[in-house]
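**Student:** Before I ask anything, let me first share the structure, which is written out below as structure tokens.
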Amino acid sequence: MSFLNDTSLTPVSFILNGIPGLEEVHLWISFPLCTMYSIAITGNFGLIYLIYSEEALHRPMYIFLALLSFTDVLMCTSTLPNTLCILWFNLKEIDFKACLAQMFFVHTFTGMESGVLMLMALDRYVAICYPLRYAAILTNSVISKAGLLTFLRGVTLVIPFTFLTKHLPYCRGNVIPHTYCDHMSVAKISCGNVRINAIYGLMVALLIGGFDILCITISYTMILRAVVSLSSADARQKAFSTCTAHICAIVITYVPAFFTFFTHRFGGHTIPPHIHIIMANLYLLMPPTMNPIVYGVKTKDSVIKLFQGEKDPSIQDK
């Protein structure tokens, strides 16, 4: 086969086939994707700059938000430029090593996204359940170490994906029916046994997503118990309001993520491929696009003051 190396069944390159069945409307599909990507880049960099420039926002909650925004930018940038090249210019070929690198970055940053949301839930737990010790518990050192450990967790668990995928035999062809390289999309075109890939993928999902969701659930259970015990209705409302933006971010992130994960493994024959691929793209685009909007509303007073050239003397956790 011309697309294979002479000494192995490793392809020189893959062909990312875009969205099968919707080739005639690739250009039209690209416009909403490009618009969402532009909003994601502008909004997240805007949030990062706002948090950096406003001293009143140099608090654990907003530092975690800046980390979330930075992760969002990296997550969507790992795929969208390549996807737009496919939809606009029909540039479908991707080098084998570049495909593995894209796979690594996609899964690392999605794992990082989940981890940061978990850290933000723990932040809200400490803020509501231990308000007097909040600053003492969540110091800059603790925040830095938590962010680094979350990143290293993702890297450590995702690296085996690349090794497992690299050593699969690809004798069925090199066409991937997708807009970017992700683990199972690449593994499925192999003619080898991909059971280990599927099992390891499930293990990573449980170790990252399952663990993070468990921590988030426990955190909000403790928050709910603490809030319900408050005697003042105003205090309960204020405590709940500090969590609304984070809850929205959780829903925006995990709903498309669960859809993508389960359809890859259990819904391959019942859900049309183009639906799955569109949802896989939205899974990487929705959080980066919506999070700046959600948190922009939360920090709207600071945004207004920043554009007016004023410094916000104090930002209350809403």
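Note that Cβ sites are derived from N, Cα and C of the backbone, with glycine treated the same way.
Take a look at what TrEMBL says about it:
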- 27-52: transmembrane segment (TRANSMEM)
- 43-295: domain 'G-protein coupled receptors family 1 profile' (DOMAIN)
- 64-89: transmembrane segment (TRANSMEM)
- 101-122: transmembrane segment (TRANSMEM)
- 134-159: transmembrane segment (TRANSMEM)
- 198-227: transmembrane segment (TRANSMEM)
- 239-262: transmembrane segment (TRANSMEM)
- 274-297: transmembrane segment (TRANSMEM)
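Looking at the shown structure, what environment does each listed feature sit in?
**Tutor:** Sequence-distant contacts of the transmembrane segment (27-52) (same chain, at least 6 residues past either end, Cβ-Cβ under 8 Å): 19, 58, 62-63, 65-66, 69-70, 72-73, 76-77, 80, 83-84, 87-88, 278, 281, 285-286, 288-289, 291-293, 295-296, 299, 302-303, 306.
Sequence-distant contacts of the transmembrane segment (134-159), counting only residues of its own chain at least 6 positions beyond either end whose CB sits under 8 Å from a CB of the stretch, comprise 60, 63-64, 67, 104, 107-109, 111-112, 115-116, 118-119, 123, 126-127, 204, 207-208.
Residues 107, 111, 114-115, 117-118, 121-122, 124-125, 128-129, 153-154, 157-158, 160-161, 164, 183-184, 187, 236, 239-240, 243, 250, 254, 257, 261, 265 of the same chain lie 6 or more positions beyond the ends of the transmembrane segment (198-227) yet place their CB under 8 Å from a CB of it.
If you look at the transmembrane segment (239-262), the same-chain residues 6 or more away from its ends with a CB under 8 A from one of its CBs are 68, 110, 113-114, 117, 120-121, 124, 127-128, 205, 209, 213, 216, 220, 223, 226-227, 230, 276, 279-280, 282-283, 286-287, 290-291, 294-295, 297-298, 317-318.
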**Student:** Grab the pLDDT values for the domain 'G-protein coupled receptors family 1 profile' (43-295) and give me their mean, rounded.
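**Tutor:** So the average pLDDT across the domain 'G-protein coupled receptors family 1 profile' (43-295) works out to 92.
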